[in-house]
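These notes concern the structure reproduced below.
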């Protein structure tokens, strides 16, 4: 079976951001030399703000010293995109994938990540859509429900997407989310009229939506910790 059709899925629970970053770096190296197949990490983070490689510190609206009092960390990363927040009750997918093997360019890759989240929202009767030009991610009206920030090195991806199930939206008040000053932030819990299942189920649905969007037919699920 071709690598495109086989995807290893790591269910990881709540993972410290630094540990997840180091793991991605190792997996990217392994994927480049063909040591591992395409791999997806499904997880959550403790309260964490991250900045992309553009270093848009001005979009952090509180002094860095106050973050510790809020119980949050700040990390600088080498992904694309602007500042964003990760925290409990948010579904995060980090993708270690060979774009060459699946025949995708960078733009199509991002578009399919957006489609992944749109499809998940649709399961709960929520009409999500892509943003305006230069607005990466997925929106419900004027509220952003899903963020994307990716890195591509020698054709291998890392980082990925974050979908808001029911995070504490107050954390987003301390930043200009993804640099979009005119947009707010929302969540699946806020937008749907349906009763939500467990978050584990929603994480699995997001993974399944990703697999459909990218043509993977063989998922190998593994429980992992770091």
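All residue numbers here begin at 1 and follow the chain in the order shown.
Placement of Cβ uses the backbone N, Cα and C atoms for every residue, glycine included.
Feature annotations, courtesy of TrEMBL:
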DOMAIN    34-218  domain 'BPL/LPL catalytic'
BINDING   79, 80, 81, 82, 83, 84, 85, 86, 147, 148, 149, 160, 161, 162  substrate binding site
SITE      144  site 'Lowers pKa of active site Cys'
ACT_SITE  178  active site, acyl-thioester intermediate
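Structure with TrEMBL features highlighted.
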| residue | record | Cβ contacts under 8 Å, 6 or more apart |
| --- | --- | --- |
| 79 | substrate binding site | 50, 52, 53, 149, 150, 151, 158, 159 |
| 85 | substrate binding site | 47, 48, 49, 72, 167, 171, 172, 175, 177 |
| 161 | substrate binding site | 92, 93, 113, 116, 117, 146, 147, 148 |
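A separation of roughly 14 Å, to the nearest angstrom, links the Cα atoms of residue 81 (substrate binding site) and residue 144 (site 'Lowers pKa of active site Cys'). Recorded residues residue 83 (substrate binding site) and residue 144 (site 'Lowers pKa of active site Cys') have their alpha carbons 13 Å apart, per Cα-Cα distance.
Residue 147 (substrate binding site) is surrounded by 26 other CB atoms, counting those within 10 A of its CB over all protein chains shown.
Per-residue confidence over the domain 'BPL/LPL catalytic' (34-218) averages out at a pLDDT of 92. Of all Cβ atoms in the shown protein chains, 24 besides its own fall within 10 Å of the Cβ of residue 83 (substrate binding site). The number of other CB atoms found within 10 A of the CB of residue 149 (substrate binding site), across every protein chain shown, is 24. All protein chains included, residue 144 (site 'Lowers pKa of active site Cys') registers 25 other Cβ atoms within 10 Å of its own Cβ.
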